[in-house]
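Written below as structure tokens is the structure these notes are about.
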Amino acid sequence: MAGKQEFYWRRLHSLLGVIPVGLFLVQHLVINHFATGGEESFNNAAHFMEQLPFRYFLEIFIIFLPLLFHAIYGLYIAFTAKNNIGQYGYFRNWMFMLQRVSGVITLIFVAWHVWETRIAAAFGAEVNFQMMETILSSPFMLWFYLIGVVSTTFHFANGLWSFFVSWGITVTPRSQVISTYITIGVFIALTIVGVRAILAFV
Amino acid sequence: MSEKKTVRFIISRQDTPDSAPYQEEFVLDYRPNMNVISALMEIRRNPVNAKGEETTPIAWDMNCLEEVCGACSMVINGRPRQSCSALVDQLEQPIRLEPMRTFPVVRDLQVDRSRMFDSLKRVKAWIPIDGTYDLGPGPRMPEKKRQWAYELSKCMTCGVCLEACPNVNDKSDFIGPQSLSQVRLFNAHPTGALNKGERLETIMEDGGLANCGNSQNCVQSCPKGIPLTTSIAALNRDTTFQSFKNFFGSDQV
């Protein structure tokens, strides 16, 4: 008898991508959006998040551990695929490939972003409007952040679609098509929220 | 009379399972209503390549010649399909033939599809009716359900879905869509359902259902139009319940 770890790991990977990592992403982008209301509005929001009780507990169990598992197991999944869009240029096969590519881009982006902000904060830097303004003053970093955020929202929205399939929620082709439209909507909405926030710092 | 019409083939060949593949070109006289198999038979009759050199006949598998056995599958102009139903008139020339390399190549276009038959054994893709005494007739199946199940039963184990799947490759031990859909078929049968839990447990093992990455190439490629991705999603739901039962429940089924 072969083991069953893989089944549970795959399901856990799919679940963690939405809860809590996906929810955290939405919350993070919404908080960022305060930047469109000016420096003070963003700093107040960021400060409020910093002041949350049980901050380290929340960070470790809602963000870092689930994210770390999702990232490492996701890399394994991404590199066991043999992409073949050249031969099979179907929409879902493109999404399959883009999910893996955007996953790797998102991992690189998030790793750098955590280093630059959260880890910098642990070493004494203050995370505020000015910090982001300084980072995004470089055109390279601005593009890096734009690509990073779009890749993240895509990965989340498309991952939400496959979450519904992987857990057996959308079974019929019709429900899967409707779920495609809904997740495209999620992608567009989150991308607007994310990109607007970035541009507010420029 | 105009010049004689010809058909050009570029065939990927391989002499032994371990030797390097190479390409050989053939030019045949055109005949109306030719299919890929009749062209391969023509080459077998007169094994001379495009350079005029004598060569060995090409090895390939075939059986029913009417797209129900699955034996003659190969990659034709980049797409896996049955060579019996691949009509020369509908193909772009030169016609490129390759074996389905997802499977071990035996020789030329002939591959070993054993892994799919092993999968069917692994998931117990049958209805167990043997007993030490006459078990009597089984329960009847509603006609509507029978018609629905018939669509799933059209699978001919041709291997096209495994060839098209990006997650079936030498880096992964994914069982592939073919046998998964058969689990759904036999779990839907009133007598087959007696072993439903057992089949679900099997596809929850490593290399099973969870390896599906939803590229949905299988359903696009299946020559029989089997709703493979619907089967996979339905099994995702069944295994979700099964895993909850295993963890929270106490009934041993």
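The count begins at 1 with the first shown residue.
Note that Cβ sites are derived from N, Cα and C of the backbone, with glycine treated the same way.
Summarising the annotation, TrEMBL assigns transmembrane segment to A:12-34 (among others).
A 10 Å cutoff on Cβ-Cβ distances gives A:His70 (heme binding site) a total of 22 other Cβ atoms nearby, all chains included. Taken residue by residue with DSSP, A:His70 (heme binding site) is part of a helix. The heme binding site annotation in TrEMBL covers A:His28, A:His70, A:His113, A:His155.
Among the features that TrEMBL reports, transmembrane segment is placed at A:54-76 (among others). A Cβ distance under 8 Å defines the sequence-distant neighbours of the transmembrane segment (A:54-76), meaning residues of its chain 6+ beyond its ends; these are 9, 12-13, 16-17, 20-21, 24, 103-104, 107, 110.
Positions annotated as transmembrane segment by TrEMBL: A:97-115 (among others).
Annotation source TrEMBL lists transmembrane segment at A:142-165 (among others). Beyond its flanks by at least six residues, the transmembrane segment (A:142-165) meets 14-15, 17-18, 22, 25, 29, 95, 98-99, 102-103, 105-106, 108-110, 112-113, 135-136, 176, 179-180, 183-184, 186-187, 190-191, 194-195, 198, 202 of its own chain at Cβ-Cβ distances under 8 Å.
Taken from TrEMBL, the feature transmembrane segment applies to A:177-199 (among others). Beyond the ends of the transmembrane segment (A:177-199), by six or more residues, the same chain brings 25-26, 29-30, 32-33, 35-36, 136, 142, 145-146, 149-150, 152-154, 156-158, 160-161, 164-165, 170 to within a C-beta distance below 8 angstroms of the stretch.
In terms of local Cβ density within 10 Å, A:His155 ranks first among the binding-site residues A:His28, A:His113, A:His155. Our reading of the heme binding annotation (A:His28, A:His70, A:His113, A:His155) yields a largest Cα to Cα distance of 18 angstrom.
Cβ proximity to the heme site centre (mean Cβ of A:His28, A:His70, A:His113, A:His155, cutoff 8 Å) flags the following additional same-chain residues: A:Val21, A:Phe24, A:Leu25, A:Leu67, A:Thr106, A:Phe109, A:Val110, A:Thr152, A:Phe156.
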